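Here is the structure we will look at.
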Amino acid sequence: MWSKIKQQIPNSVTLLNAWAGAAAIISLFSGQWEVLPYCLLLSLIADFGDGLLARLLKAQSPLGKELDSLADLISFGFFPAAMLYQLFMQALGLPEGLQWGQRESYLLLLPFLLLLFSALRLAKFNTDSRQSESFIGLNTPATTLFVFGYFWSVQQQLYGLEQYLLWPPLLYGLLALLCYLLIAEIPLLSFKFKSLAWRPNRWRFLLILGLLPLLIFLPLGLALPAGIVLYLLLSVGAIVVGDLRLGE
């Protein structure tokens with residue numbers, strides 16, 4: 001009896017991730033943006049916690065792996081695409097959203113390319129044995145954190161940046177870059193610590209040390225994109241010096 005219950009504990013946490021992602025999407029489209037940070041935080045905690053619980057309880061299963069990807073597609077695929085949709089609405093001056101028959105509003109379908117590439121990214125991750133110690137391409141939670149920070153900066157009108165962040169060519173370029181990074185054959189750092197020794201983990205420690213001042217001194221909307229950029233730059237640094245390679 002306990003073994004069956006134990007098996008479902010991580011799956012229940014995974015479903016919490018999906019629920020929080022769905023709540024974020026509903027809140028986004030209903031204009032209740034103040035709850036979005038809490039929904040995203042809950043999704044991130046659940047996404048980390050389900051795997052941790054599965055390892056602690058020795059309850060890993062093929063079902064749990066597939067369920068995790070489906071939950072991630074909601075929280076870290078559909079949700080960031082929906083945020084980009086909102087940004088495109090503002091940038092293109094289409095407050096009514098997608099209107100079938102109105103040709104220029106078809107551009108509002110473009111942000112959902114991020115959903116498609118996220119699905120492809122998750123499917124590749126599930127079938128790629130090279131990603132046990134590092135990531136290949138930008139993972140979906142990191143992509144979501146970047147998009148959320150960008151979206152939050154616009155909605156909070158941080159330092160008057162919204163007039164620049166809503167420049168349509170910039171949004172098109174950002175969308176293309178994120179879609180590429182999701183499936184790019186580029187090794188990126190993971191947060192998996194096998195020990196606390198400095199040498200094998202120095203890039204991870206540098207990332208943590210770099211993230212702390214960003215989170216302390218910058219508004220959330222700027223700290224999150226800056227943190228993802230720092231993550232990418234440190235990964236490139238690790239590649240250049242030979243500490244990070246495909247399949248390692």
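Note that Cβ sites are derived from N, Cα and C of the backbone, with glycine treated the same way.
Going by TrEMBL, these are the annotated features:
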type	residues	note
TRANSMEM	12-29	transmembrane segment
TRANSMEM	35-57	transmembrane segment
TRANSMEM	69-93	transmembrane segment
TRANSMEM	105-123	transmembrane segment
TRANSMEM	135-152	transmembrane segment
TRANSMEM	172-191	transmembrane segment
TRANSMEM	203-222	transmembrane segment
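Same-chain neighbours of the transmembrane segment (203-222): 37, 149-154, 156, 158, 189, 191, 193, 230-231, 234-235, 237-238, 243-244, counting only residues six or more beyond its ends whose CB sits under 8 Å from a CB of the stretch. Most Cβ pairs under 8 Å with the transmembrane segment (69-93) belong to 105-123, among the candidate stretches 105-123, 135-152, 172-191.
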